[in-house]
Amino acid sequence: MTQNPHTENPIDSPAPINTDTQTDDKLLTHQADSPNDKHKRIVKTFMKRRTHMNKNAELALTDPEFADYIVNNSFGDGDLKGIHDLRVLFANSPNGSDAPLTLEIGFGLGDSFIEMAAAEPTRNFVGIEVHEPGIGKCAYMAGTQALSNVKIINGDAIQLLKQLPENHIDRIQLYFPDPWQKKRHYKRRFVSPERMAIVTRSLKTGGWFHTATDWEHYAFWMLDVLDHFDGLTNQSGAGNFADRPDFRPMTKFERRGLDRGHGVWDLIYIKD
Ligand SMILES: C[S@@+](CC[C@H](N)C(=O)[O-])C[C@H]1O[C@@H](n2cnc3c(N)ncnc32)[C@H](O)[C@@H]1O
């Protein structure tokens with residue numbers, strides 16, 4: 001366990017936010033359109049990147065051979081309508097719907113997500129991402145390894161979590177979320193009291209929330225938010241980071257952070 005060397009809270013307290021989702025992907029915020037919500041700002045945790053789609057990713061997004069992996073490919077761009085239960089997605093798979101279930105939020109290009117799913121074939125894994133080249137690449141890797149315990153969703157995790165039942169998921173993992181380094185962007189950080197209320201609602205009692213970051217300010221911000229969150233217990237004891245668990249593979253953003261000389265901080269919390 002890693003001790004918190006700071007003797008007092010080094011971060012600014014997270015301000016209240018509106019966690020509703022929006023429809024315009026190009027904007028981070030917009031005015032809500034209902035007359036009652038006229039002055040509410042709606043905040044998202046991501047900025048969609050327009051990056052190159054490689055051939056394999058494109059193939060996986062279009063070839064019926066990979067269609068089983070991407071749950072909402074046919075609904076269009078990030079449309080989550082009709083997804084109200086992650087367990088039913090595995091009803092016809094060897095593990096079935098009752099197997100332990102992990103949800104990974106923001107898997108990026110999916111390498112570490114697929115590595116974890118391949119290493120634990122009796123656990124079901126659902127990954128959600130908004131970045132289409134990553135969704136394609138992840139589906140391609142799942143398909144070429146013929147994994148039967150993986151499903152991928154295109155869309156905003158906050159919106160998805162709001163649609164899911166309570167006490168539904170065994171583990172939720174969020175690895176190297178966008179750190180939103182500027183103070184005016186802190187409200188977009190995924191780990192906030194409002195978003196954690198949405199996350200913990202769908203976690204089972206005794207379930208895990210596991211996150212990691214290479215951005216020191218965000219690490220202490222997360223520790224502050226999560227240690228003070230009613231209903232979660234820090235597995236390493238309040239004020240402490242977790243040792244890096246063996247089962248978490250190196251992610252692309254982790255590698256990039258290490259190359260830049262950053263540290264890495266893991267946090268694991270159990271739902272009471
Ligand atoms: C900094 S990247 C980290 C990717 C990967 N986990 C890694 O460690 O290499 C964060 C990812 O989270 C995704 N993301 C952010 N907010 C999200 C949300 N609300 N729903 C789904 N994906 C989200 C972004 O699109 C981005 O790909």
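Using N, Cα and C of the backbone, Cβ positions are placed for all residues, glycine too.
Nobody curates TrEMBL annotations by hand; they come from automatic prediction.
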Residue from Asp85, Asp98, Asp214, Asp224 that TrEMBL also lists as binding substrate with Lys182, Thr251, Lys252, Phe253, Glu254:
Asp214
Three-class DSSP secondary structure - Lys182 (substrate binding site):
coil
Let me make sure I understand the structure: which of the binding-site residues listed (Glu129, Asp156, Asp178, Glu254) has the fewest other Cβ atoms within 10 A of its Cβ?
Asp178
Which binding-site residues among Glu104, Asp156, Lys182, Asp214 have CB under 6 Å of ligand 1?
Asp156
Highest Cβ count within 10 Å among the binding-site residues Glu104, Lys182, Lys252, Phe253: which residue is it?
Glu104
Residues Glu104, Glu129, Asp156, Asp178 binding S-adenosyl-L-methionine per the record - widest CA separation, whole Å:
14
